[in-house]
Number of protein chains: 2
Amino acid sequence: MKKVNVAIVGATGAVGTKILEKLLERNFPVQSIKLLASKRSAGAEITAGGHKYIVEETVPESFEGIDIAFFSAGGSISEKFAHEAVKRGAVVIDNTSAFRMIEDIPLVVPEVNAGALSGHTGIIANPNCSTIQMVTALQPIREKFGLDRIIVSTYQAVSGAGSEAIEELESQSLQFENRSKIEAAILPSASAERHYPIAFNAIPQIDAFDASGYTLEELKMMNETKKIFGDQKLSVSATCVRLPVVTGHSESVYIEIGKEGVSVEELHALLENAPGVVVQDDPSKQLYPMPLFAEGKDEVFVGRIRKDPEHPAGFHLWIVSDNLLKGAALNSVQIAETLLN
Amino acid sequence: MKKVNVAIVGATGAVGTKILEKLLERNFPVQSIKLLASKRSAGAEITAGGHKYIVEETVPESFEGIDIAFFSAGGSISEKFAHEAVKRGAVVIDNTSAFRMIEDIPLVVPEVNAGALSGHTGIIANPNCSTIQMVTALQPIREKFGLDRIIVSTYQAVSGAGSEAIEELESQSLQFENRSKIEAAILPSASAERHYPIAFNAIPQIDAFDASGYTLEELKMMNETKKIFGDQKLSVSATCVRLPVVTGHSESVYIEIGKEGVSVEELHALLENAPGVVVQDDPSKQLYPMPLFAEGKDEVFVGRIRKDPEHPAGFHLWIVSDNLLKGAALNSVQIAETLLN
């Protein structure tokens, strides 16, 4: 396989560091890896796979000779530099929300819609973390029986809000234990007017509010799911909540499928053979997915699968995955792997 | 008002201590208060309202002369002693699941179905914490527009599993911060075969599993809601999840009401005038309920009220309340107050 020159924009962030890890771990055919970040981080050293990398400031010229550029440094950085990278011949795999809903930009989860990659024009969008794990788990069900409706409530980890949010949860937990004043400056989001403690709390706001009363995170789940499945008639509504969990998003997902009378066993069998999915579902052994045990794992874990007693085509599932891996870094690297194949 | 002799069974527990506090705080017309617990706790001293109480062991004779007995010491204690109390002339207000689904035993949230108290035969059941806050918030909506369907996902605090679970969360949080071994012995429930850490985790199991794949907590929400609303045709399904929150249950609730075209403003207006309910709902000010701020408060807090864009009669609500107060102790005391009036 042809070896490629790779750049990671946002290389010092929570997701950027995982992209580097996954490229090395999966023996991605790299010729060279360039780590890019803000001017502030330039000069930092990152050691991975026995190699020392020096972080460089992102400038338009950074992308000369780059074949694949992973972006994970926030929407404004992607808007500023993605086209510069494409202009210089790179394919951009963007992990922000900047381009996801642009019609001719593919929004891809390889297990679900790898076909959407064909005919891309230089930028490929990686979906939102909470969307990826949900569509990965629902795809085999949708493919076999059809899918009419999704109602999802999320239980999201702080690492989805970046490294600073992880530090905030840890310092607040200590402040709480010491009965000292809880200081909140990052969550629900650094740019928000008001900040609330996340330690020993649950915050029903992720990202900013839209005029509809939904948060952007909720709208991402609703709109991205329809785009990835290529089904604008699919009904999706979401409630997104941040929890005092470091890594691992969980989702309580209610679905109505396109066929009545399907059994839980049939869904089990489908999911057990689905790529990237692990079924952890045995109430008699108290076996079900939990975020603490999903951390560091590549797969999407599904459990608590049960029929809704109130609807002939209704089911509930509990879907958990590492939001930094399948929800971000791993999916981006998988997109690159699919492109190269 | 006639003064009454009161007993609290389970007086040293998380809920029992709150019942005593609420009786004193609300100037409940007590002649005497007897604190009862297990043999192990007998002799313990509890000081409240400037008065020192000595805890006594619960025996059948404890209920001689008692007018109202609050039970909150687990189902088996209620099964053992509630009838002994009734036999001696007491009215039992039981905060366990022992009697809730027995047909001629009223299951009461005073704001919702105080009328069910008439004709009681000595035992009145206090519903499950997660049920109480949900029905309190939904009652005004149901009364005005009708209610066809509820799909709820819960975010429940550890105090619902008792004082030992609170201690476990606190000690695990310290173990986590110190990078030492996490010890789990209580959650998801002390009697379970397997225990999992709750600190920095989310456990999708509360109480034991039923053969249906639902947990008893989920079935309580489904069955109790129908009984309290007196509507067996109401569709209710639940997913119950335990979080690293000390006190305060949160609920992501999807409802379909009996009328199309109702606005969010109409629901706001209804809930703003509802007894025991406080609306905290202004996205422009990031105002919404959170468990950390509901702790110690009597009310049920409702926010994030929004239309489901996918269903003409669908709405989402985020409902939060102190699970030890309205979810348990306060509701029990309110039942007693309603009986006396």
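Using N, Cα and C of the backbone, Cβ positions are placed for all residues, glycine too.
Record features (TrEMBL):
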type	residues	note
DOMAIN	B:5-120	domain 'Semialdehyde dehydrogenase NAD-binding'
BINDING	B:THR12, B:GLY13, B:ALA14, B:VAL15, B:ARG40, B:SER41, B:SER159, B:GLY160, B:ASN323	NADP(+) binding site
BINDING	B:ARG100	phosphate binding site
ACT_SITE	B:CYS129	active site, acyl-thioester intermediate
BINDING	B:GLN156, B:ARG242	substrate binding site
ACT_SITE	B:HIS249	active site, proton acceptor
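Every protein chain shown contributes to the tally, and the Cβ of B:GLN156 (substrate binding site) ends up with 26 other Cβ atoms within 10 Å. When the binding-site residues B:THR12, B:SER159, B:ASN323 are compared by the number of other C-beta atoms lying within 10 angstroms of their own C-beta, B:THR12 comes out lowest.
On the backbone, the CA of B:ARG242 (substrate binding site) and the CA of B:HIS249 (active site, proton acceptor) stand 9 Å apart. Highest Cβ count within 10 Å among the recorded positions B:ALA14, B:CYS129: B:CYS129.
In this entry, B:THR12, B:GLY13, B:ALA14, B:VAL15, B:ARG40, B:SER41, B:SER159, B:GLY160, B:ASN323 make up the residues listed for NADP(+), with the farthest two CA atoms of the set 26 Å from each other. Least packed by the Cβ count within 10 Å, out of the recorded positions B:ARG40, B:ARG100, B:ARG242, B:HIS249, is B:ARG40. DSSP gives the residue listed as 'active site, proton acceptor' a strand state.
Nearest in space to B:GLN156 (substrate binding site), taking C-alpha to C-alpha distance over the recorded positions B:ALA14, B:ARG100, B:CYS129, B:HIS249, is B:HIS249.
On the backbone, the CA of B:THR12 (NADP(+) binding site) and the CA of B:CYS129 (active site, acyl-thioester intermediate) stand 19 Å apart.
A straight line from the CA of B:ASN323 (NADP(+) binding site) to the CA of B:CYS129 (active site, acyl-thioester intermediate) spans 6 Å.
A helical conformation is recorded for B:ARG40 (NADP(+) binding site) in the three-state DSSP classification. DSSP classifies B:ARG242 (substrate binding site) as strand under the three-state reduction.
Cα spacing between B:ARG40 (NADP(+) binding site) and B:HIS249 (active site, proton acceptor): 30 Å, rounded to the nearest whole number. Comparing B:HIS249 (active site, proton acceptor) with B:CYS129 (active site, acyl-thioester intermediate), their Cα atoms are 8 Å apart once rounded.
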